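Each remark here refers to the structure printed beneath this line.
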Amino acid sequence: MSSPNIWSTGSSVYSTPVFSQKMTVWILLLLSLYPGFTSQKSDDDYEDYASNKTWVLTPKVPEGDVTVILNNLLEGYDNKLRPDIGVKPTLIHTDMYVNSIGPVNAINMEYTIDIFFAQTWYDRRLKFNSTIKVLRLNSNMVGKIWIPDTFFRNSKKADAHWITTPNRMLRIWNDGRVLYTLRLTIDAECQLQLHNFPMDEHSCPLEFSSYGYPREEIVYQWKRSSVEVGDTRSWRLYQFSFVGLRNTTEVVKTTSGDYVVMSVYFDLSRRMGYFTIQTYIPCTLIVVLSWVSFWINKDAVPARTSLGITTVLTMTTLSTIARKSLPKVSYVTAMDLFVSVCFIFVFSALVEYGTLHYFVSNRKPSKDKDKKKKNPLLRMFSFKAPTIDIRPRSATIQMNNATHLQERDEEYGYECLDGKDCASFFCCFEDCRTGAWRHGRIHIRIAKMDSYARIFFPTAFCLFNLVYWVSYLYL
């Protein structure tokens, strides 16, 4: 009896399928622990983009592909020729973002504006076939392709921003669409109409067009119906308030052709706070101050004269200061009218006292009184019949020594000018008070001129202010 073959039995055991599967698992497990056999891609083969905390992997475009595309596009490209030359006009879509406006210089009639200006057009010579949809380029490519010769027609001075690099951007799409944007600071002309100053409103334009291409070559269109503006709270308008804007398109005919002109109008309204404090209130107070002389005794010549001269000189100074913030226009502004009328009121108050002082100081004794003083009999038998004053005491107003002057009228009278007939012209003298020609006329008493002025001057000034403010603010 032969002994059992142990090795052959073991060999049959190890050759079973179960053993083979176990060995395969162990081998794969050992290989996975070795780092050299792990399959990983380099981080440089992908670019990561974060969007709402979701990571999207996109293949990175080799720089060599962009260089090849640009070289192919610029090969044989002539940047001196516009797209579709000789075929059809080039259509330029324009857009604008207003970063800030101000300040407005009324003396030079100009304003400063900071904008981002964008132009879009199609150039079939710049089409390319690639998986790249758009080429995002910097300002170095601007001079290598055709760019519209757009200029700002009412610009006095324009500066492009160059810090830290030129603020220009260029985009080229694979279908030939080109986007060109740049940042500009422009000092633009604005013809201010100052008839209603300082209650004026203005529409300051910003106009641009092609410099050399008429509308048969280039046509401009607005990309959007309205121009976008930034935060108006940071604008340095100072004396003005921003009301709104509007954009228009028009054709301007010149000797060199018809050009499409694009315009943006910025509506501005002037704030009156500064001028109310600096001009209107001081002028009004000076006019009121000139009326104080009507309550000062007419015999106080130095007081009334110095007050009148001081108010006149002050009004002259105020009118000069008010004009400094304006250009030297040939027409009368609303402020000029107000200051001039105030000056007339102040000057009239001074003239009123001069007139009063002249006639009061040049009174002559009446002829009847002279006869009475010379003839004792007439002085003896001349007496007045007793009279009773039936007027209420409240109706008797004694102002500025008027009652005292009435008592002295018996001793002093007024004579007409030499060589004049009192019955043939209107005069203010006492001797002219009687006569048929005086019937229905108003007799003015020199002694009561201050009383009349106390009523006339304030009433006239209030009526002027009513008409002035209603006309300029509501009409």
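Including glycine, each Cβ sits where the backbone N, Cα and C put it.
Not measured: the values here are computed from a predicted model.
According to Swiss-Prot, Gly257 and Pro302 sit on opposite sides of the membrane. Checking Swiss-Prot for region 'Interaction with GABARAP' across the ranges 1-18, 73-90, 433-450 points to 433-450.
Swiss-Prot gives the label N-linked glycosylation site to one of Asn129, Asn401, namely Asn129.
Averaged over the topological domain 'Cytoplasmic' (360-451), the predicted model has a pLDDT of 51. Counted within 10 Å of its Cβ, the other Cβ atoms near Cys204 (disulfide bond) come to 23, all protein chains included.
A Cβ distance under 8 Å defines the sequence-distant neighbours of the transmembrane segment (452-472), meaning residues of its chain 6+ beyond its ends; these are 196, 199, 287, 291, 294-295, 334, 337-338, 341, 345, 348-349, 352, 399, 444. Put simply, Asn247 (N-linked glycosylation site) is 12 Å from Cys204 (disulfide bond) when counted between their Cα atoms. Residue pair Cys190 (disulfide bond) / Asn129 (N-linked glycosylation site) shows a Cα separation of 48 Å. For the topological domain 'Extracellular' (323-334), the DSSP-based tally of helix, strand and coil residues reads 3 helix, 0 strand, 9 coil. Residues 106-109, 192, 194-200, 340, 468, 472 of the same chain, all 6+ positions outside the topological domain 'Extracellular' (323-334), place their C-beta atoms under 8 angstroms from a C-beta of that stretch.
Separation of the C-alpha atoms of Asn247 (N-linked glycosylation site) and Asn129 (N-linked glycosylation site): 38 Å, rounded to the nearest whole number.
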